[in-house]
Amino acid sequence: MLAARLVCLRTLPSRVFQPTFITKASPLVKNSITKNQWLLTPSREYATKTRIRTHRGKTGQELKEAALEPSLEKVFKIDQMGKWFVAGGAAVGLGALCYYGLGMSNEIGAIEKAVIWPQYVKDRIHSTYMYLAGSIGLTALSALALARSPALMNFMMTGSWMTIGATFAAMIGAGMLVQSISYEQSPGPKHLAWMLHSGVMGAVVAPLTILGGPLLLRAAWYTAGIVGGLSTVAMCAPSEKFLNMGAPLGVGLGLVFASSLGSMFLPPTSVAGATLYSVAMYGGLVLFSMFLLYDTQKVVKRAEITPAYGAQKYDPINSMLTIYMDTLNIFMRVATMLATGSNRKK
């Protein structure tokens, strides 16, 4: 599942720099597919025989042409539907924040249970989020350093199969490496692998630096607000409220994963390309926001149930990786939305 989140992360940046949506569709660009109607009127043998009208259905070739033909008016409508979907998700999130944050739920949440937590549970959660902050900082530094290298930036932005394959291999390899090293037995190699993983993810984020510092700073603030609000919801909600969403989230991740891959091969101005792109971006934003709720409660649950002196030790670096990937996916989609909005105003 972590590998699928990595793929969803990698396939977004190339779309930011392609011409996408505009506010009004040009009247010169219209859908050229016409609906042919065939009227079959058999010879009349009797005065009472009625005319029979049948509609010829579209062939597979016509459906393919309709899906791939540029239609900016339809693309704009698809984009608007995606934004309304995100707005609906934001409204639900605000409602949940008010409901659980104001203590209107009768069930006990993690924030109430924190009063009776042993000190080692508090230390585990604290160290997990400290590593999360460190990962975000290392990722930002890595992205800024790579942005100063024209050769590396050209390599990351080419979009060739070699670039995509090398990026996937580096992300998956670094993720497997950092998870395979023991936190207790090999703290030195574990931290080196953690820094390597954050650096690789910074290389993936680096193409977004072309959008400019002010826009990325806004995206960072918006992401901080989203992550902070959702983390508060997860902490105030009943401790296992969102842990039952694993199966639906897995299905949604598969859909966003397939849409992210499919959008790489279709033009963004076609109906099919715009639909897949909207699912990958807007649907992905809502999906990874829900993943953040799930992963936050999963981290808290793991910190509570892992024995203090058991054979299996708590690993704060491995625990924070899923929250880290959720945060990066949210940030990249917010930055993409802000970039397309800025281009539309121009």
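A Cβ is built for glycine as well, from the same backbone N, Cα and C atoms used for every other residue.
Per Swiss-Prot, the feature transit peptide maps to 1-45. As annotated by Swiss-Prot, topological domain 'Mitochondrial matrix' applies to 46-83, 148-160, 267-272. Marked as transmembrane segment by Swiss-Prot on the basis of sequence analysis: 84-104, 127-147, 161-181, 192-212, 215-235, 246-266, 273-293. The topological domain 'Mitochondrial intermembrane' annotation in Swiss-Prot covers 105-126, 182-191, 236-245, 294-346 and is backed by sequence analysis.
A Cβ distance under 8 Å defines the sequence-distant neighbours of the transmembrane segment (215-235), meaning residues of its chain 6+ beyond its ends; these are 93-94, 96-97, 100-101, 109-111, 208-209, 242, 289, 292-293, 296-297, 300, 326-327, 330-331, 334-335, 338-339, 342.
Residue counts for the topological domain 'Mitochondrial intermembrane' (236-245) under DSSP (helix as H, G, I; strand as E, B; rest coil) come to 4 helix, 1 strand, 5 coil.
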